[in-house]
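Student: Residues or ranges marked as Zn(2+) 1 binding site by Swiss-Prot: C327, C330, C347, C350. Per Swiss-Prot, the feature Zn(2+) 2 binding site maps to C342, H344, C361, C364. The topological domain 'Peroxisomal matrix' annotation in Swiss-Prot covers 1-30, 84-112, 220-246, and the record cites similarity to another entry as its basis. If you look up Swiss-Prot, you'll see 155-178, 267-381 marked as topological domain 'Cytoplasmic'. Swiss-Prot lists 31-60, 62-83, 113-154, 179-219, 247-266 with the feature transmembrane segment. Summarising the annotation, Swiss-Prot assigns zinc finger to 327-365 and lists sequence analysis as the type of evidence.
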Amino acid sequence: MRLNGDSGPGQDEPGSSGFHGGIRRFPLAAQPEIMRAAEKDDQYASFIHEACRDAFRHLFGTRIALAYQKEMKLLGQMLYYVLTTGSGQQTLGEEYCDIIQVAGPYGLSPTPARRALFILYQTAVPYIAERISTRAATQAVTFDESDEFFGDSHIHSPRMIDLPSSSQVETSTSVVSRLNDRLMRSWHRAIQRWPVVLPVAREVLQLVLRANLMLFYFEGFYYHISKRASGVRYVFIGKQLNQRPRYQILGVFLLIQLCILAAEGLRRSNLSSITSSIQQASIGSYQTSGGRGLPVLNEEGNLITSEAEKGNWSTSDSTSTEAVGKCTLCLSTRQHPTATPCGHVFCWSCIMEWCNEKQECPLCRTPNTHSSLVCLYHSDF
């Protein structure tokens, strides 16, 4: 007996199951069954994640457990999907909803390579992307503070390149050094632009996820991006009902929402371009007018020059960077500072993890909830 998931439009109906030429044709799983199975899988994976986190906390302490909470989540998800999908078995959610995975044009069971690819997309890729994003943001701050080092390396690197090459070894060394210098400068520019690119990348990712969900509501094949990338579908092997609900109307709503977001994005881009052109025109007129503006005097009556203003700004910037506090839970620089109702500030991930266990402030024990936490942007204390 062989499974066939691509049975055509007429064979996807509930009454199309049966024997035809010795082949048992099962209908494709409907959207409610796939969504229900995904919710069950997330629930059981969270159970394993909590068990791994508790074991890790008892072994190494709360501080180290908070520092490696993302790795514990990755470990829990990997264990769940490797023990189920990786071994060729149904997950608990799939077994609950009577669906199985198929792939390929003939609707056969996924190969081990395809299952491994799905597990990698489902668990490791989001973790790696988040780690790269965090590391890039940290290095962007480090590069801003060490511009002198990169300036010196940029000055000294041409001396290495301009050395006379009298042999093949010197030529290869100069080529390698030139390539290394270009890669370092490209990496430096990319890291410096990352804080600006990150919000745009997140918006694009949200649009891609919504577009995938819209396609799922229309066609009913791939609920997750990982399944679409690996080509894993579902067929229904349970008792067929007379009416299997579909979610095309939700796809229409998502399509309307995406159109509105696209129109809003175009409007914002046009407004930003118009604003930048107006600012450039005003700056140009100010520079060509020859005026230097009104003189500004300090408390002693001396004229404040541009160099003094730059010095004051640099001093204030350095003091502001030094004033950034540390989280009392992880004892490191606060990432995404979040304030509690009582006024204490922690890392977003640290205080959220704390509120999962105890809904109170770690310092003053004031009761608080997840909804009462406020993430502070463009400021820290």
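Even glycines carry a Cβ here, placed using N, Cα and C.
Structural setting of the listed features?
Tutor: For the recorded site, C347 (Zn(2+) 1 binding site), the DSSP three-state label reads strand. Listed in sequence order, C327, L329, C330, S332, R334, Q335, H336, P337, T338 are the same-chain residues six or more apart from C347 (Zn(2+) 1 binding site) with CB atoms under 8 A from its CB.
Using a 10 Å Cβ-Cβ cutoff, C364 (Zn(2+) 2 binding site) registers 10 neighbours.
Residue counts for the topological domain 'Peroxisomal matrix' (84-112) by DSSP state, with H, G and I taken as helix and E and B as strand, are 7 helix, 6 strand, 16 coil.
Packing against the topological domain 'Peroxisomal matrix' (220-246) from elsewhere in the chain are residues 3, 5, 14-15, 17, 26-35, 37-38, 94, 97-104, 107, 110, 114-115, 117-118, 121-122, 125, 208-209, 212-213: each is 6 or more residues past its ends and has a CB under 8 Å from a CB in it.
For the topological domain 'Cytoplasmic' (267-381), the model's average pLDDT works out to 70.
Residues 68-69, 72-73, 75-77, 79-81, 91-94, 96-99, 216-217, 220, 223-224, 234, 236, 244-247 of the same chain lie 6+ residues outside the transmembrane segment (31-60) yet bring a C-beta within less than 8 angstroms of a C-beta in it.
Here the transmembrane segment (247-266) has long-range neighbours at 31-32, 207, 210-211, 213-218, 220, meaning same-chain residues at least 6 beyond its ends whose C-beta is under 8 angstroms from one of its own.
For the zinc finger (327-365), same-chain residues at least 6 beyond its ends with a Cβ under 8 Å from one of its own Cβ atoms are 63, 66-67, 69, 134, 372-376, 379-381.
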Student: State the residues, same chain only, that lie 6 or more residues beyond the ends of the topological domain 'Peroxisomal matrix' (84-112) and have a CB under 8 A from a CB inside it; answer 'none' if no residue qualifies.
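Tutor: Long-range Cβ neighbours of the topological domain 'Peroxisomal matrix' (84-112): 2-7, 26, 29, 33-34, 36-41, 43-44, 118-119, 230-239.
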Student: Give the nonlocal contacts of the transmembrane segment (62-83) in its own chain as ranges (CB under 8 Å, at least six residues past its ends).
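Tutor: Counting only partners 6 or more residues beyond its ends, the transmembrane segment (62-83) has Cβ contacts under 8 Å with 41, 44-46, 48-53, 56, 89, 91, 118-119, 122-124, 127, 130-131, 329-331, 349-350, 353.
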Student: Tell me which of the binding-site residues C342, C350, C361 sits in the most Cβ-dense spot, judged by other Cβ atoms within 10 Å.
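Tutor: Sorting the candidates by Cβ neighbours within 10 Å, the top entry is C350.
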Student: Within 8 Å of the Cβ centroid of the Zn(2+) 2 site residues C342, H344, C361, C364, which other residues of the same chain have their Cβ?
Tutor: T340, P341, G343, P362, L363, R365, T366, N368
Student: Mind tallying the topological domain 'Peroxisomal matrix' (220-246) by DSSP state, helix then strand then coil?
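Tutor: Computed counts for the topological domain 'Peroxisomal matrix' (220-246) are 6 helix, 5 strand, 16 coil.
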